[in-house]
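Before any comments, here is the structure.
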Amino acid sequence: MKINMECSQSNIELVIIEKNITNHNNQKSTSLMFTKRSLIRSITCILKKLHAGYFRISLSFGGQALLWKTLIDPTNDTSKSRHVLSMLPSSVFIVLWSMSLFILALLSLLYLLRCLFFFKMVKEEFLHHVGVNYLFAPWISWFLLLQSAPFIAPKTITYLILWWVFTVPVVVLDVKIYGQWFTKGKRSFLTTVANPTSHLSVIGNLIGAQAAAEMGWKESAVCLFSLGMVHYLVLFVTLYQRLSGGDRLPALLRPVFFLFFAAPGVASLAWESIVGDFDTLSKMLFFLSLFLFMSLVCRPALFKRSMRRFNVAWWAYSFPVTVLAMASTNYAQQVKGTVSHILMLILLALSVLVSFSLTLFTLLNSKMLLPDNDPIASILIV
Amino acid sequence: MENHITLEIIEQASPPETPSLIKYISSNELEDFDEFDSEFPSPISKESEETYNHQRKPSISVSMPLCYKETQLQSLNNNNNKNVSFSGENVIIRDDLASGIAMSEPPRQSKFKSQPMPKGVAFQQDGSQTRKANRNHNQPGIKMFRDKRFDSFKTWSGGGLERQLSILRGKEPIGNAQDGNNATRSFDRALPVDRYFDALEGPELETLKSSEEIMLPHDKQWPFLLRFPVSSFGICLGVSSQAILWKTLATSPTTEFLHITPKINLILWYISAVLIATIFAVYILKLLFYFEAVRREYYHPIRVNFFFAPWIALLFLALGVPPSVTKNLHQSLWYILMAPILFLELKIYGQWMSGGQRRLSKVANPSNHLSVVGNFVGALLGASMGLIEGPIFFFAVGLAHYTVLFVTLYQRLPTNATLPKELHPVFFLFVAAPSVASMAWAKMQGSFDYGSRIAYFIALFLYFSLAVRINFFRGFKFSLAWWAYTFPMTGAAIATIRYSNQVPNIVTKSLCIALALISTFTVIALLLSTILHAFVFRDLFPNDIAIAISDRKRKPHKHWLFRYGSQDSKEIENYLKFVNTDESSLDDSTPQPSSNDTDHNLPK
């Protein structure tokens, strides 16, 4: 394993030296011990480097899974393109979903281990203005998987229990973080900590609202929705004002600017689930998301610096585009017409392309997945 | 290089007092220079035109080949005291009040060495540029016909156009190949927004601070095109909104008792159509001939919002079209009209979002409302044409950005340099967005429902809170931009009429009439003062100082070239640019050469 190799460079030497010393009798047992040791070392290495930002990967996969579920679900959109898309074999979708489940489970497990063994690092993440927002990412991913699960229908008891399991941490985090924005001291003021990743807290609420609405729990859906939207309003204004200039986001993290249009996209989907219909408010949110997307796409210079080397922040591109594609699908369903369907197809193609290329890039550059100078990790690693 | 001293004398339209002998010599000597191109390592040839020294000192600069930086300029006027200063590389002749040799060149030059061509140079690479610059320097004598001071603002194509024109007129085609090149080359770098804040003051950022200098002559009247600001489109806004008002008055059920004839709308509409066409034509001429000036207006934090004004005026025209002219407009017209607005918005809101030096907390000012109102007007027009999705799109975008702008302006952040400290007619723009939004929402929903009413009441409140402070609106210098501030009043009047259609009672009706009267009177008063300024005072278009600010604040600094004999008390604009103090910007409209972001150099 490549990853193993880079973590355990120091081990090899040790292994070789020791191997030479011991005699052949013990060779087998010692080599076993060494592989165990090197395994432990590599895992420790991974745990040290795996910060919450890696959940972007599970976010993307979850988003894709939900997108495809939306597409192959029965719909009253009678257009040809939708018809063609719905002919996608459900087996492909199940494979996709299982893959997302596997990745999410793996990441969650690793992160859990990190909490157990390196709690100090997790705490530092929590205190960092960018890292703290990614603590929402696992829960969002779980929500996405829950909604796209092929075998759990929304009105079952399993769904309900799982919804509670995922919502409670989100609300706890909400209370902590939003409360900090307006009560705590200087360093936690919204104007100083606001950055595009703060949208993740908003998205967390909105996704929870959507999941609740699917269950039929309208009140909690509206509750979470209003919570998300009001903080989105504050965040939107603050981020546009940019009081403190460059907003302290390292250049490598510029891909998170895509979260700007992820939030209204999720809001649009959530409102649609609540009301049942893609009404004017959903349309307005969808259009806002579309406008922000166009505005970012027209500014490639913003992202140039972060595109020089592969790093896990690139995964931040995928989820927002997927969300936009989902919203456009619902929009096309509501507003029948060629333009909307063309838009839907374009966004779908873009979303699939982005996710696929990211996967490819990651597999090709798996060594760089856990780099030594990751922007967030470097701040957190002592 | 020792011997290649170019003595350049820039002449102006009125020949200076410089003795003809010198001129003769120079033109002779310089004949050969064209062949010396190779000796001139591609310097930045912006020099020539760029710096127009501000103050009326005649100055002659003699530059050594290597450094093409100096540029002379100067127009005569008064004193002839010239100082000749020599330095290792430059021979500068200035008079006592020395003109600044404003270099707008590559920021980081500490020596007069040959400079690499700046990346932003739009056309012509090295060789040809140099050649042209040479020629420019080398044939001063011939240029007596035209006032060269404004060349830096001219477009290359404009220069070519003039050449054609002058050929047609039978003048000799002055070695004017270079006339064109000059211009924009000198300003390949966009002025950072901080320069505008530093150099200008006043609620419209029009007045020059006393410590600043401008690049064009202070005392002379500039060419008309250079004096024609983009805020002239405000006139179109004012007049066309009046047309809509009178149309609404004539066709609304609640105001039928007034028996307003639709002819007023017709006349006003034709007038505004003609006005818009004229102003468009003039501005397009300015774009063709003085592209640099247009560019500088675009980078001005307040004027940039007026770039929305032409399109909004066209939208108003479409809204106010008299029923006798046409009943239904084609839907594709809407798409055509909204395309430029969409494009401008993507640019400007993107600048707000990406931070950098044009972020909102820094540049927010009431004129930004112009960039937001366009959305609502477009939504209104689209809805009245029967479109559904398009209006919702623009309404959503406008609403989101209006919220941001509204909060920011109300906050009056201390980091915000552009907000006028005292009341000024520009504040009436606050009323524009909510009133148009209420009308747009009403049209989209089909009736003046709660959403529209909320927006309408907000507009009304803002209107009254400004109207009662009317006393504070005195004592401001009249400017053309005031026309733009009348359309919110008209908009509020129209919204009131629509509201009274829904809720007809005596209060709303009287409010209609009152607001309509106020707006009409204001427009008439404005019209009168415009005519007064145009024909009596003749200062309707004063020199547009705001676009002529120099690139660099004048300050003395250590790397002065040695000048002796210079007795000037004021500082001379330094040749050498320091590193800009701007923070590294994410924004692509600040093409500062930096080691990391070299791709930001192209001004966009």
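We count from 1, first residue shown onward.
Just so you know, glycine gets a Cβ as well, placed from its N, Cα and C.
In TrEMBL, annotation is done automatically, which means it is predicted and not curated.
As the structure is a computational prediction, the values presented were derived from the model and not from experiment.
Listed in TrEMBL for this protein:
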type     : residues  : note
TRANSMEM : A:53-72   : transmembrane segment
TRANSMEM : A:92-114  : transmembrane segment
TRANSMEM : A:126-145 : transmembrane segment
TRANSMEM : A:157-177 : transmembrane segment
TRANSMEM : A:189-213 : transmembrane segment
TRANSMEM : A:219-240 : transmembrane segment
TRANSMEM : A:252-271 : transmembrane segment
TRANSMEM : A:283-302 : transmembrane segment
TRANSMEM : A:314-333 : transmembrane segment
TRANSMEM : A:339-364 : transmembrane segment
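If you look at the transmembrane segment (A:252-271) against the transmembrane segment (A:314-333), you find at least three C-beta pairs under 8 angstroms, all six or more positions apart, and that counts as contact. If you look at the transmembrane segment (A:157-177), the same-chain residues 6 or more away from its ends with a CB under 8 A from one of its CBs are 132-133, 135-136, 139, 142-143, 146, 201, 204-205, 208, 211-212, 215, 224, 227. Counting only same-chain residues 6+ beyond the ends of the transmembrane segment (A:283-302), those with a CB under 8 A from a CB of the stretch are 254, 257-258, 260-265, 267-268, 271, 320-321, 323-324, 327-328, 331, 334-335. Beyond the ends of the transmembrane segment (A:189-213), by six or more residues, the same chain brings 129-130, 133-134, 136-137, 139-140, 143-144, 146-147, 163, 166-167, 170, 173-174, 177-178, 181-182, 220-225, 227-229, 231-232, 234-235, 238-239, 243-244, 247-249, 253, 256-257, 259-260, 262-263, 266-267, 269-270, 273-274 to within a C-beta distance below 8 angstroms of the stretch. Here the transmembrane segment (A:339-364) lies next to the transmembrane segment (A:53-72) in space: the count of CB pairs under 8 Å, restricted to residues six or more apart, reaches at least 3. Ranked by the number of CB pairs under 8 Å to the transmembrane segment (A:92-114), the listed stretches A:53-72, A:126-145, A:314-333 are led by A:53-72.
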